[in-house]
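Structure first, commentary second.
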Amino acid sequence: MSSMAAFDQIKIGLKMVDFKVQQRRYRTSEKTVVSTTYGPIKGVKRKSIYGQSYFSFERIPFAKPPVGELRYRAPQPPEIWTEVKSCTSQGPKPLQKHFVFEMTDGSEDCLYLNVYTKNLYPNKPMPVMVWIYGGGFQFGEASRECYSPDYLLREDVVVISINYRLGPLGFLCLEDPEFDVPGNAGLKDQVLALRWVKANCSRFGGDSNNITIFGDSAGSASVHYMMITEQTRGLFHKAICMSGNTLSPWAVTPQRNWPYRLAVQAGYTGEATEREVWEFLKNAKGSDIIKANGELCIDEEKKERIGFSFGPVIEPYETSHCVVPTKPIIMMRTAWSNSIPLILGGVSNEGLLLYSETKSNPKCLNELGDCRYVVPIELNLDRDSELCKDYGEQLRQCYYGDKTPSLDTLHEYLQMVSHEYFWFPIYRTVLSRLEHASSAPTYLYRFDFDSKHFNHLRILSCGKKVRGTCHGDDLSYLFYNSLARKLKNHTREYKCIERLVGLWTHFATYGNPNYDPEQSELWEPVSASAVEKHQLKCLNISDDLKIIDVPELRKLMVWESFFKRDELL
C-alpha cells in the first residue's frame, strides 16, 4: 500500500477521521461493570450502525505488557487488580508500520482484547466467536476501524477480537535456549488470549462450551496454528479459516540469520554472535526495530517467494510454551482438532492483492515466465535441477499456455499466485482433513461477490477500474469498517452481508452453516469418495448461494502431482 497516491491516502485519512466522529456518536452514557478472573472491568453501551444496542468492553488486558524482559518472549498472565478498570475505549494497536501511511504506528504494550455482547444475562448462553486479524503477521489490529461487530451482532452471538504481536516483536527467533526466545511469541499471545476467553466468556453471556475461532489471511493461518498446537486443546470447538492456513508458503518463515540482519539494519556494528545481537535487540527502540524490518529481504529471497523476514517458525527447541515443534503438515496428522467442524475456503481472485505491485515492478514482470521459483520450496529442489525445471515448465504451460509472459498476461500470473499462496494450501488442507479428520465435517466455500464500490481491498489494491473479488474483500461483508458506509437493505451488498453473516453465525451456533430453510441446495461437507473421483464441490457465495464444482481444481491437481502422498498429507 506504500505506493498509493497521496490523494488516495488523504481520502482514506479523511474516512478514518469521519469514522471516529461517527463512532463517538454511537457511544451512549450507560456503563456496566463485569467481574473477570483478573479483576472488575467497566464497559459501555454502544449502538451499531443499524441501531442495535450492545455492550462494548475494550482494552481488556489478557497478559502483562510485553516490554522489558518480556520483549520477544512468551506472554505472561496479567497481574490481578481490585479496582474497577475502565474498558470503555479502544487500546493501542501492536507496534507496526502503518498499512497505508509511511510511519511507525502502535505500541509494544498491546496485549488487549475486546468483548462485544448484546446481552450480559441471556436465558441461554450465546455462542462465542473469536476473531483473529490478518496482515501477513506484519500489520493488523483488533479495532472497530477495521473490524466493527455491527453485522455479526444482529445475531445472538458474543464477538471477541484479540491483539497479538507482529513482525520481529512477535516472531524473533534465537537458536540458543539460554535466551528463551524460540519464536512465535505472536502465536503464543493468541493462545493466552484463548485461555482468557475460555475462562471469562460466560461472564459476558457467552457459552464457554461453544467457542468458534475465525480469521482471514494471516489470521486464518493463525486459526489453523491454533487448531494443530497442543497448547489450545479444548479451548474452542469450531473453526473458520478464510484465505490462508499453515501450509501457505508465507505461513512458515525459513531461517536466514534474520536477527543479525535486523540488528545491522537498526544500527548494530558488532559481531554476528547471538548473545551480542540479543543484547542489542533487547534494548533497541521499538520504532527502530520496525523501521529496520522493512528492508531485510533481498531480491533473491523475494524471488524464492520469501515475503517476510519475521513470521511463524518451527521452533528450534521445545519449551513449556512451544506452539510449533515440527512441520505443520506433520502436526496436522494427529491434531486434537481433527474432531471439530471446520469451514475453510478463499475468494475467487486472491492474487488481485498484488495487482498494482506487480504491474509497477518491471523486474517482477520480466521474471514472470521463470516458474522454477514458483515450485513449492517445501520440495527442497535445487532451482537449476532438471526436475525443478520440468515442474516449472508444467506450471508455465498450465497458466500461460502458448502465451509469452508479459504485462498482457498479468492476470494469468495473478491467478498462479492465487493458487500458489492460497488455493493449493486450501486444497491440501481439505485432503488432509479427509485423511486424518474423517469423522469431523469440513465445509469448503468460495467467495465470489463482485461489487463496484464495496469490495474495499480490491479498490485499495487495484483502483476503481479493475473488477473481481480480491483477497480480503469478504471482510467487508462480515465487519463494518472505516471504509464502509451504511447500506440500504434492498442492495446487493446488504444481501451478501446477510448471507455471509447467516452462514458463519449458524455454523458458530450449531456446527452446521445451513441457516436458510428455503435454501435450494444444502451445503454438504466435502466428500472423500468424490475427491477420489477427482471431483470437488464447494459453496459459491455470490449474488446467490450455489453448490458448484471447484473451478480451480484442474490446475490445483497439477501442483498436487509434484508431491508424494506422504509429503502432500
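The backbone N, Cα and C atoms fix where each Cβ goes, and this holds for glycine too.
Unlike curated records, TrEMBL annotations are generated automatically.
Per TrEMBL, domain 'Carboxylesterase type B' is recorded for 31-544. What TrEMBL records for SER217 is active site, acyl-ester intermediate. According to TrEMBL, the feature active site, charge relay system maps to GLU350, HIS471.
Annotated features taken from TrEMBL, shown on the structure.
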| residue | record | DSSP class |
| --- | --- | --- |
| SER217 | active site, acyl-ester intermediate | coil |
| GLU350 | active site, charge relay system | helix |
| HIS471 | active site, charge relay system | coil |
Residues that sit under 8 angstroms from HIS471 (active site, charge relay system) by C-beta distance, when 6+ apart in the chain:
SER217, SER243, GLY346, VAL347, ASN349, GLU350, GLY351, LEU352, LEU353, SER418, PHE422, LEU457
Name the residue among the active-site residues SER217, GLU350 whose Cβ has the smallest number of other Cβ atoms within 10 Å.
GLU350
